[in-house]
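Visitor: One structure coming up, written as structure tokens, with questions to follow.
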Amino acid sequence: MRVLPLALLVGLLAVSDAKVLGKCEFARLLETRYNLSRNDIKNWVCIAEFESSFNTAATNRNRNRSTDYGIFQINNKYWCGSDYGKNVCGIPCSDLMSDDITAALRCAETVRRATERYRGRGKGYTAWVAYNSKCKKRDLDQYMAECWSRGSNSIFPF
């Protein structure tokens, strides 16, 4: 019986580490902290929304027994360190679930560049299922309109 309360406490602590960002908050972070271009921001925002709902601690177990981690849902079969995969990004998968998204963004860029080398220039985001099904054919400027002011390259609505 004492195991159940301990398990609940551990579960609550794990959940409390998660940070769920808002769409415009995430876009602002990508612009101000990481100095990304508007084109990159709109793609990463769309991917993050449909992969993780902007949850930095999201995980998803796949049919092939691999797991996707973090706000960009990066897979452990190739990209992050686990007993399962190749760890191309050179980081433990747990780093992808931090509230500080630096490691997740760096690894996501590694995935994008590697995919472009394999599939061709401009095809890097196709590594994400969400990009192919939700973002690729969407008007991403319209999608981001609530975050960006008109006629400006800034995402600040003033």
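The backbone N, Cα and C atoms fix where each Cβ goes, glycine too.
These numbers come from a predicted model, not from an experiment.
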Visitor: Need the cross-check against Swiss-Prot: the disulphide partner of C93, picked from C80, C89.
Guide: C80
Visitor: Which candidate, C89, C135, does Swiss-Prot give as the disulfide partner of C107?
Guide: C89
Visitor: Looking only at the domain 'C-type lysozyme' (19-150), what is the mean pLDDT?
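Guide: A mean pLDDT of 95 is what the model gives the domain 'C-type lysozyme' (19-150).
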Visitor: Just to be sure I understand, if DSSP states are collapsed into helix, strand and coil, how many residues of the domain 'C-type lysozyme' (19-150) fall in each?
Guide: 63 helix, 12 strand, 57 coil
Visitor: Measuring CB to CB from D68 (active site), give everything in the same chain under 8 Å that is also at least six residues away in sequence.
Guide: E51, A58, T59, N60, N62, I74, N75, N76
Visitor: Please list residues from the chain of C80 (disulfide bond) whose Cβ is under 8 angstroms from its Cβ, counting only those at least six apart in sequence.
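Guide: Sequence-distant Cβ neighbours: Y69, I74, N87, C89, I91, P92, C93, D95, L96, C107.
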